[in-house]
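*Asks:* Dumping the structure here so I can ask a few things about it.
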Amino acid sequence: MESLRILFFILCMQKCTPQSWWLSPENGPTCKTGTCGETSDTCECSLTIEHRLTMLTQNPPLILRPGSGNLYWYNDTSYAKPITEKSKAEVIIGDGYGSRSVIAINGKFPGPTIEAYEDQTMIIHVRNLMHTDSTTIHWHGMHQKGTPEFDGVAFISQSPILPGHTYTYKFTAQPSGTNFYHAHIGDQRSMGLYGGLIIYPKYKFYSQPQVGFTVLIQDWNHDDEPETLYQRMLNGVLDLTSNTIKEPTQSYDGASFSRFHMHSGLINGKGRFHTANNYGSYSNNGAPLETFEVENGQSYRFRVISAATLYPFRVYVQGHPELNITAADGFEIVRGTGSNSSELIVESFIIHPGERYDFTLSANKNPDTYLLVAESIEDLSSRNPREYHAAEAFIHYKERAFSYKDKDSENQDHCTSVAPCITFNCPYLYYPTSMRRRCITFDQANSNEYLTKSKEVQIVDETLFFNFAFPGEPGNTPGSVNGRQFIYPTFPILTNEAALTTPCKASECGEDQICSCTYSIELASDWIYQFVITNLGNGRGWSHPVHLHGHNFYVMKMGFGSYDTDTGKLLASTTDIECIGTKNYCNEAKWADSSWATGNNIPGLQLNNPPEKDTIIVPTGGYVVIRFKADNPGAWFFHCHIDLHNTNGMGMVFLESKDKYPFKDSKANSKEEGSHQRLVLFTLLVLAFTLY
């Protein structure tokens, strides 16, 4: 037996690495003490993933009910005695309606926010304690320069982490800004597998405060888990009260939102469920909300992150009609350039899945409790029964006692026809005139980055068109890019491209064909690429937030269709782009004006300090022009950040600078290493049994 212990020790010397797990809050912080500080070289954290239920206490597990901002035992029907604050802190609340399954990280939903500093080495151990589900974690906003294998996309950069297994991610914290981490397999993000990732800049010249509040927004469904949601999106949802199929809601321009039904919204895992009465007013279930404490006369940075499954939200603060937008996806922005530059002051802004927006709020109003509201941009005016879909949190001035507020019913009273409220980052050009609201699209902002490299993208090496849509004939309208529904490979394409069995074939894919394959395009090293991302043809009708891994890009222009300026409805798609083919799939496209194909002849192109981003909304019937330099070797996913659309195949891969892959020969090396290890193991086993 002693010989077997020696054998185990020798094998561990070969393969095992020690790992101490510390869980929050019972066993210590999420990140190791002595790391992640301003003077630390590393930030080392551990994340343990498991399923939990909402509205349930721990030890012993007892079901709860909400009321007036508190939680009560399920059998306390008179709401006589709320549970203690300590017990409430251990409860995953959701919107307080029923009890449903979520994915918790270190016992929390959403997962704990990780705060680190630019250029630190991030070492993050992920342990999967889910019983049957595999997972991966994508570090949304991190460029993974030199570490593409840690980008965290299943079967693109890594194999999934199996149940009971552990995987360690190691990468450099770049760039700084507001980011987040989330699952990148199936639709697990909608179950809560996400958390904030804030990287503070190493330079101190930024005028705006860096420390502030992190606001994670999610749309919430009471009934369904990811696989069910996906099937309902494809096949429909039956309304049992009317025995009819539920039709998807629409935004104000007429774009659809698919069949994922939103019951309420959450901020940092908390929300409340609103219902309408026969008199047209709303009541809520009194579930507790997140509270942000402020002091009168101070300014605060709010880092807003959309981890939503599907829906965009319009974000505003009750009683505070001026928000100063300072950053988008971690990159600082302003309005105008040079001497004409000014702060980007708006009444509200729209945030789409995958986007992050930072704003500063001056706490200079009458001390009270106000609502931070993220309201769905669905047009619910004709919905029967009436519904209200919003994520809410409290902003409480410390100078006055806290008061529990109901729905903000007066949020538009300060908007007038003479002085309409300004909303930033609209996916359309107009609101209905009756709403007294004016849109500013994202391309009307400018970069305020001290180290911007926008001069690099003045001259383009190649222009590529990508149509994100649901084209095809009835019964065959898959989510796709250029008519190609993405099929994930069975091995990570980054390191095992030779094993790919599902490449796109010219005979099956084309301007008038719909195909299913692993869509990939090679990008040449250090070229300047111009992407024209479109949402055109018979597959348009949904606006898509498109995310590029491994890079940020410059938003050079946003193109829109034509609208009814009174109702705000989209009338026709843009005429700037010509779709090629007879079936109007728009799998291939070109500029309608051939003179736009070369140089910088595109009207409205933002060449002077264009804003930077990594996720951009592509409006239905329109397009976005982006540019970036292909200076990051790897296999990078390019996809719609709506979970259900991505799962349905709306994505593709860029194989960038293949000649510079850091793991180009990893397959051969792993075979050689595996043979060596098997030889060592066999020798040790023979030795052990001989000694035994």
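Heads up, the Cβ atoms here are built off N, Cα and C, so glycines get one too.
Sharing the feature lines straight out of TrEMBL:
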type	residues	note
DOMAIN	96-202	domain 'Plastocyanin-like'
DOMAIN	214-399	domain 'Plastocyanin-like'
DOMAIN	511-659	domain 'Plastocyanin-like'
SIGNAL	1-18	signal peptide
*Asks:* I'd like the per-state residue tally for the domain 'Plastocyanin-like' (96-202) from DSSP, helix first, then strand, then coil.
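*Replies:* Across the domain 'Plastocyanin-like' (96-202), DSSP assigns the residues as follows: 7 helix, 50 strand, 50 coil.
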*Asks:* In the domain 'Plastocyanin-like' (511-659), how many residues does DSSP put in helix, strand and coil?
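*Replies:* Summed over the domain 'Plastocyanin-like' (511-659), the classes give 14 helix, 67 strand, 68 coil.
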*Asks:* Limited to the domain 'Plastocyanin-like' (214-399), I'd like the whole-number average of pLDDT.
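*Replies:* It averages 92.
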